[in-house]
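Below: the structure, in structure tokens.
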Amino acid sequence: MESKVNRNIELLLGDYRKAIVKLSIPNMIAMFIQTLYNLVDAVWVAGLGPSTLAGMGLFFPIYMIVISIATGIAVGTSSAIARRIGAKDFDGANAVAEHSIILAIFVGFLTALVGILTLEGVLQFTGASGEALQKAKEYGVIIFLSSVFAMFNNAAIGILRGEGDSKRPMYIILFSSVLNMVLDPIFIYVFKWGIKGAAWATNISVFVASAMLLHLLMFSKKTFLNVGFRKFVLTKSIILDIFTVGFPTALAQITMSVAIYFLNFFASKAGGDMGVATFTGAWRIINLGTLTIIGISSAVTTVTGAAYGARDIKKLESALNYAIKFAEYFAIAIMVGIFFFSKPLAMMFAYSKASAQLLDNISQALKILCLFLPGTPFGMLTSGMFQGIGHGYKSLVTTILRTVIFQLFWTWLFVDVFKIGLAGVWLGIVVGNATASIITYTWGKITIKKLYSIQNQQTEMD
């Protein structure tokens, strides 16, 4: 197993092409499985009636904030570890791993405490009432109980990905997600626990994943980093390093959720409830199309982080360019597939008499929204590079530019000024994303040029 661990490090420090491909594919599979389990979760809950499904839906934006924080810790951890491994500072990488676990547990306890105490008030603030409010509370309180474990899991996965291991996180995510999908109908319908059963199914899968990750990191001796806390000393600079990337990443994810709220507003303005339903269905399909790009972005963060730590700016630049090219193959293929199979895809949300009228609307929306995909790698992967080199604030700024400023501006322009209806929402998203991607990629090239300049100055001084 030692040789396998060493191969992970050799992969990370070796050929950037192999590293991008081998780290990306397990990430893609893991993200697909997680998305599938969320969908299955909702399908089982839907059988309990509209109020119960609405309760889950009311809690979802709150849950997304928790997931955003956890993702921030994971990305911040991966970046900090990869940079230290690239610099051959293995003790420093180990210290980051230990700090990330402590940080995750602390944030998890804080999230659980604040979440449970404020849940009812937050739900009421969003307009929740009646049975849907009660169901959201029942579901949310139980989910918050697993916050510590959810945060730990993300930190642990960040540690593994930071040392170039994306396969074992994939296996653990796969196992826990399948477990959740199996437990859902048992807890919900066999035990008759209702929405509480769905929450406990999720929690148990999270607990099991925590046990597997804890064993892997601390007891198995099958990882490169040795997380044992035997020489642990709380160091402020390490916490700040994780936060430098992690906090902007969390904010960026939250910003995307806020942007969806305003896009729903424009969809409602242009097409009423039908407009919102069309956007909801079409956007879920487009999001599935972006999973490959997100998986590659995670690999970019790790590989460019290691290259930056090794002060190999040429490799950093080459890795980013190769990753964009690699992602474009997927993006263009998926775009073509969505365009030509828009009607069969739309059928997923228009299979009953009540929803049949959505078929043409979602199909037309997909034919425009699929144009969103080819421009995405330039922005998303450059943002991943920013995270890798520790420039988390740049990733946050570019996300705000894309989701809040440009997408909403162009959508407002097409809907309110040009008055072209729902098509204006779809065009606004596409044009806004393209505009932001161009700016982000340009900023990335400028950043790399500055890194070359700094490297040359250091060489001259030496």
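Glycine is treated like the rest: Cβ placed from N, Cα and C.
As written in TrEMBL, here are the features:
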type	residues	note
TRANSMEM	20-40	transmembrane segment
TRANSMEM	60-81	transmembrane segment
TRANSMEM	101-119	transmembrane segment
TRANSMEM	139-160	transmembrane segment
TRANSMEM	172-191	transmembrane segment
TRANSMEM	197-217	transmembrane segment
TRANSMEM	238-263	transmembrane segment
TRANSMEM	283-310	transmembrane segment
TRANSMEM	322-342	transmembrane segment
TRANSMEM	362-381	transmembrane segment
TRANSMEM	393-414	transmembrane segment
TRANSMEM	420-443	transmembrane segment
Proximity of the transmembrane segment (420-443) to the transmembrane segment (283-310), 3+ C-beta pairs under 8 angstroms: no
Chain residues in Cβ proximity to the transmembrane segment (283-310) (below 8 Å; excluding those fewer than six residues from its ends, i.e. six or more beyond): 12-13, 16, 19-20, 23-25, 27-32, 35, 75, 78-89, 161-162, 164, 166, 260, 316, 319-320, 323, 326-327, 330-331, 334-335, 338, 345, 348-349, 362, 366, 369-370, 372-373, 376-377, 380-381, 383-385, 387-390, 451
Top partner of the transmembrane segment (139-160) among 20-40, 101-119, 172-191 - counted as Cβ pairs under 8 Å: 101-119
Sequence-remote partners of the transmembrane segment (238-263) [C-beta within less than 8 Å, at least six residues beyond its ends]: 61, 64-65, 67-69, 71-77, 79-80, 95-96, 99-100, 103, 279, 283, 387, 390, 392-393, 395-396, 399-400, 403-404, 407-408, 411, 425, 429
Result, the transmembrane segment (20-40) in contact with the transmembrane segment (322-342) (3+ CB pairs under 8 Å): yes
Contacting positions for the transmembrane segment (60-81) when only residues 6+ beyond its ends and CB under 8 Å are counted: 93, 96-97, 100, 103-104, 107, 111, 115, 119, 122-123, 126, 140, 143-144, 147, 150-151, 153-155, 157-159, 161-163, 225, 238, 241-251, 253-254, 257, 298, 301-302, 305, 387-390, 392
Distal contacts, the transmembrane segment (393-414) - CB-CB under 8 A, six or more residues away: 244-245, 248-249, 251-252, 255-256, 258-259, 262-263, 266, 379, 382-384, 386-387, 420, 423-425, 427-429, 431-433, 435-437, 439-440, 443, 447
Interface-richest range of 101-119, 172-191, 362-381 toward the transmembrane segment (20-40), CB pairs under 8 Å: 172-191
Long-range neighbours of the transmembrane segment (101-119), counting only residues six or more past its ends (CB under 8 A): 62, 66, 69-70, 73, 136-137, 140-141, 144-145, 147-152, 154-156, 159, 227, 232, 234, 239, 242
